[in-house]
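K.L.:
Input: one structure, supplied below.
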Amino acid sequence: MASSSSTAAHPDIDLELLKRIQQRILWLSTYMIHYANHVRQNPDSLKVGGHQASCASAVSILTAYYFAAAEPDDLISIKPHAAPVYHAIQYLLGNLPQDKLLRLREFGGLQAYPSRLKDPDSFHFSTGSVGFGAVMPHFMSLANHYVTDRFGYAQKHRFLALMGDAELDEGNVWEALGDDNLQSLGNVIWVVDLNRQSLDRVVPNGRAQKLGASLRSFGFHVIEVKYGARLEAAFARPGGPRLRDRIEQMPNDEYQALLRVHSGEELAHQLCTFPDGRDEAVARLLAGESENDLRSLVSDLGGHDLSRLLDAFREAAAITDRPVAIVAYTVKGWGLPLAGDPSNHSRLVTAEQIEQLRGHCGIEEGGEFSAFPAGSPEARACLETRQRLHLDRTAQRPASSPPAHPQAQVPESFAPDYHGEVSTQQALGSILSELTRHPELRARLVTTSPDVAVSTNLGSWIQKVGVYSPQNRIDYFGERSVPVALKWKQGNHGQHVELGISENNFFLMLGALGVSSDLFGVPLVPIGTLYDTFISRGLDALHYAIYNGGKFIVIGTPSGISLGPEGGLHQSLMPPSFGIESPLITYYEPCFAKEVEWILLEGIRRILEDPAAESLFLRLSTVPQRQDLLPHDRPALRQSVLDGGYRLLDYSNRAEYKPGENVVNLFTCGAMVPQAVDAARELAADELFVNVICVTSPDLLHRQWVRANRERMQGRPAAHHLEQLVPRNEAHCPIVTVMDGHPHALSFLGSVFGARTVALGVDRYGQSGSRQELYQHYQIDALSIIRAAIEVLN
Ligand SMILES: Cc1ncc(C[n+]2csc(CCOP(=O)(O)OP(=O)(O)O)c2C)c(N)n1
Ligand SMILES: [Mg+2]
């Protein structure tokens, strides 16, 4: 793109040409939204929306990046409200067909916010819930280090994030920057689109002023791109330093207000007026400027100066020992009539204003979505960029390629049975230890935990596999032979990523490791443990990680009030509902060690082998359970466990058994199974038959029922597992459900069968106590179950 308008700093870049491309990107992104809102048929007359101002703010940054700074193997996360800018660029680069531009926010069309899996021009990262996109590249970079260190993955990537300035209000951003593992990553580049505006308002001063220092304190190399060349030139003239002082010292909202002042006289007056009076030097400096010149001078920020941006990207590319943050000062709505308007976030330009913009950009009627004419310098620049970025290669890569089949064979189960009393959490520890004896399989596993690895029983696994750190660390305890209960050997061959106490970081880490197969072609099975109750702390990050296509295993342990003495908010009640309601993750709550083993091994197998696999959520307990209660009819039992449940106690062969008179079906789950069995045995002595149905997955039972109904609504035959668990002649038997969690999670069973139902569970916050005291208090003990069975029969 070299030509007469290239500068000494960028001899290979034709800046005028780049500006024309930038203008077309501004037009396309603005018009795409205009078209969706005002031109396209809108049958329900709901506002379609889109964010022209947020897009305009990022147009220069993304133009400079894609057309001059991007490298072929970069992976970039783009702020949610700039999705149309990305689509415009992908279209110009030949990576998105023209008709798609007409389908923004339409069913089956381009998504409102970047979607890695749904958008045809496939973003590298989904974004939308602000804050996650900002730091996901950090986690992805760590996952990249991991596959490089452990699997010899050789491709070099850079991980970039373009974020809005108000995104930095989200605490998860700072949680990530604070994590030791994520500091000093040399292939991460941030670009902050600092337009001093959020959704509602002009953001307060503090953050922007402290941003550079804050980022430096987290190890960033910070590049400020504050002013454009015109303002810089003005600052260099007599009176210029005072003008700079004036602009630097004014609060954000004063500056924003200046962007909206239309009279040149008023603008000059404001700029000359200091708290201590008028500055004549500044007045003289500005005296010769026309009204238009003054307006463009005051808004001449670095984030819209392509040359400055190119400088910044070039500087960033040279830094490889720590993350870089380019802080680019921008104008929200740049180049549009709504520039700098404090309430422009979701405002749209009017039809009249679109016509003015059309004239300004030289767009012909009917040619609104045209690309540059073939053979034009702009079209050539697009083609060169396409070639430079090897887009032909990446376009062939499916958005979500199926995982390469690894060598690892996943067994259905391990040979030995479990004896005596074992909790599901202990079972997890034993299963992971057993997995270390399967080298191919073990290699694919990577665990993580937010500072609760030891208390969730990952200790012996960590002892065997070591802790991952991109740098090898000295083991002072080992070197000095200091005795320790748990060896904590850290280095770049470890297989456990230990995080600080941040559930946001935890789920983002799982999510990043869980797309390794898609992005690096290296299949991994990430397994994370956390206290069940604290899932809510990171729930949005969990959903983000799944929506972004991550596949992983989350283990919530311990759970419920069974965790007696811990009390209060350490006891979880809602995760069963999250488990049922969260798409693309299957929730299981087993009771027996063998069940944990089957479920875990099957989950691992699917993640490694099945492109349609879901993530897995296992809710475990620390309550030791008698293993001899588990029936012996494997492998049929294994299949039922995986399908969501089985009949653990079944009285249907008793002579006195009369459905409709003396039969209750009791559905229970996890830690509550023994209470249910005790209750049922006691009632059986009085010829009241309570079948105990062990629900291993409330989630699967619920969704199979819902789906079967949907199929039947379409006239297609369908069955669901519950129909096997409850034979037809028992369908109207009353039901009791009991779980150590909110009763809501199993109470749907009543409507499946249209049966009278009593749902037991925990619907108040917890408190300390012995397990039995708490079971009684919350009425989930055997006696309460007996009372419920009697009540429901009457
Ligand atoms: C977690 C979350 N909370 C709230 C929102 C709603 N929201 C969308 S954009 C926005 C303001 C974003 O401002 P900024 O990041 O500065 O972006 P820009 O100014 O570039 O539009 C808010 C609050 C959201 N998308 N995600
Ligand atoms: Mg902003």
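Please read every residue number as a count from 1 along the shown chain.
Note that Cβ sites are derived from N, Cα and C of the backbone, with glycine treated the same way.
Pulled from TrEMBL, these are the listed features:
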- Asp165, Asn195, Gln197: Mg(2+) binding site (BINDING)
- 422-625: domain 'Transketolase-like pyrimidine-binding' (DOMAIN)
- 392-415: region 'Disordered' (REGION)
K.L.:
As a test of the contact definition, list every same-chain residue at least 6 positions from Asn195 (Mg(2+) binding site) whose Cβ is closer than 8 Å to its Cβ.
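P.N.:
Once residues fewer than 6 apart are set aside, Asn195 (Mg(2+) binding site) is near Ser57, Gly164, Asp165, Gly303, Tyr329, Thr330, Val331, Lys332.
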K.L.:
Within 8 Å of the Cβ centroid of the Mg(2+) site residues Asp165, Asn195, Gln197, which other residues of the same chain have their Cβ?
P.N.:
Ser57, Gly164, Ala166, Asp193, Leu194, Arg196, Ser198, Val203, Thr330, Lys332
K.L.:
How would DSSP class Gln197 (Mg(2+) binding site) in three states?
P.N.:
strand
K.L.:
Enumerate same-chain residues with a sequence separation of six or more from Gln197 (Mg(2+) binding site) and a Cβ-Cβ distance below 8 A; give 'none' if the list is empty.
P.N.:
Ala53, Asp165, Ala166, Val203, Gln256, Lys332, Pro342, Asn344, His345
K.L.:
Restricting to the domain 'Transketolase-like pyrimidine-binding' (422-625), report the mean pLDDT as a whole number.
P.N.:
96
K.L.:
Count the Cβ atoms, other than its own, that fall within 10 Å of the Cβ of Asp165 (Mg(2+) binding site), considering every protein chain shown.
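P.N.:
Here the count is 24.
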